[in-house]
Amino acid sequence: MFLVQYAGLSHLSFDPASNNKSLQFSSTAGLQVSESPAENGSDPGKKRKRANVPPDGGGNLSPDSIPMGLPMSDPTAWATAMNNLGMAPMGMTGQPLLPDFDPALGMMTGIPPINPMMPGLGIVPPPIPPDMPAVKEIIHCKSCTLFPPNPHLPPPATRERPPGCKTVFVGGLPENGTEQIIMEVFEQCGEVIAIRKSKKNFCHIRFAEEFMVDKALYLSGYRIRLGSSTDKKDTGRLHVDFAQARDDLYEWECKQRMLAREERHRRRLEEERFRPPSPPPVVHYSDHECSVVAEKLKDDTKFLEAIQTLLTWIERGEVNRRTANNFYSMIQSANSHIRRLVNEKAAHEKEMEEAKEKFKLALSGILVQFEQIVAVYHSASKQKAWDHFTKAQRKNISVWCKQAEEIRNIHNDELMGIRREEEMEMSDEEIEDPSEMKETEESALVSQVEALKEENDSLRWQLDAYRNEVELLKQEQGKASRDEDTTKEQQMKLLQQALQGMQKHLLKVQDEYKKREAELEKVREDKLKIETLLENLKEQQSMADEEDKERDAVDCQGNESTSSRVCACSQEKECPVEKTLSNSPVKSEREVLLVGIISTFLHVHPFGASIEYICSYLQRLDSKICTAEVEVLMTRLQNTFRQELSGVGASLEKRWKFCGFDGLKMT
């Protein structure tokens, strides 16, 4: 074990470097009592005795068993001496003198640290602070002396530690150093298995355990001197580093393989513990087992187990002439369960239908509540109540109203989809012209109207049935006894409430039917308007073609007089003017207003705007304006509006521009 001094501790009253008494080491006994002559001119007659301490540190240590040549009244010297021996510094009263003492660091590495559980030591010292540096001291051996390196120099460099390293490289040995001297120095680090010394002042030392290598690295940088000689061949500077040995690598790999086997074994045990148990084996066929399975096949609770046994027997080939009748009877018993399974399936389907009906009823009730909530919002939005709310309250009410309407529409669509699936048959014929939006909307409205008609008829039939039931109940009420009057009255009340609910629902359906009919009439009117617009466009196109033909005829007659040209031109101009006056592109006052608004909008946008942008602006003023109507109107007014293409490739876009001023100059 090596002498370690902590910063902040006092030194001994004598210097270990100039002390005339040396510590004797041996490979087996550790620290021994020695009597050596004095050095450096001291009195050779004086001798100092040192106590024998076994390597395992298991002996009793007490102030009486360790003869120290120090006054007991000096606590600083007493603490330093106990520190050098690897003991926790304690006073005479048993109290620790140094609370930050670490027993893992002591005087010599060959002696293990003192265990606080030893007899005579009843303390557990606290750990040493990490900021307290350790200073290396001089080490005296039997045949040599080790001097520590300069503490201000950086620590010696070492290579990367190989896996399972138990071998160290020791360089810088004296030329006269022997294996006995090397063993004397390094056996204090642990059990040495082998030493391989070279002729060039270095060797390899293999220890029994890996932690002993760390102790040996502590000696790296020490200067070694054999005896008291100053010859160059008797001195050297030790360099201790990790060494890579095949034996160490092999033992490490064996250890890793053993750990891997243990891990695999542990995982296998865990998998077997969590693995589900295997099914019990199927018994072999016999007459007794056949009778048992036949009885189980007749029992509904044990049918599944019995049918699996029967299947296994048939696959094994147990069927022969002798057992054919038995197997036939078991198969017949299995066939008798088919009707039971079909009945169970029908019962489950009936439960599913009842659940669907309950869901529909609950969803219709929810929709009724949503309608009432939306009605509350709409009534609160009227001016009579709206003026009394604050600005924040109005904002919240409008937001809540929008959210309620969206949720109401979603649930309404879901309910309509369920009713369509149950009451309507989807036609396999596809719509011939999906591009015409008006026709698709009309067909959808027609289908919805038909669905509402069918629903109205079904509700009427249900109402008639309820009325018949009420009449029957009334007839039976006169014949029934007084005890049953209360129950029948409750039934009557329930039926009346149901009738009222059905009547309300019928009224709502009739209102919806009327609304859809009105929408259908509007769609038809719009369709007629579009057809008239298309006819007008065709007439204008034919008129433009006639004008082109007349202009060509005028160009061919270049030899005629100027007077005839002027007359012909005046006649040609008068004819289209009369025609245009008779066939004006603007049909109504509403179209005139639209032309004015569109002209103002496009005048503000000199680079043009798409038809969707224009319609979104117009729909803020009137939500009934459609895109097709605006596009047809702008197409008729070619001198006022002009359509251009802008962009390249995928960003190609049609834009309308206002060209009324240019058209005015041309006309």
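Going from the start of the chain as shown, residues are counted 1 onward.
Here the Cβ of each residue, glycine as well, is placed from N, Cα and C on the backbone.
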Coiled coil range according to TrEMBL, out of 247-274, 331-358, 387-414: 331-358
Positions on the same chain near the coiled coil (331-358), where near means CB under 8 A and six or more residues out: 294, 297-298, 300, 303, 307, 310, 418
Rounded mean pLDDT for the residues that make up the coiled coil (449-550): 83
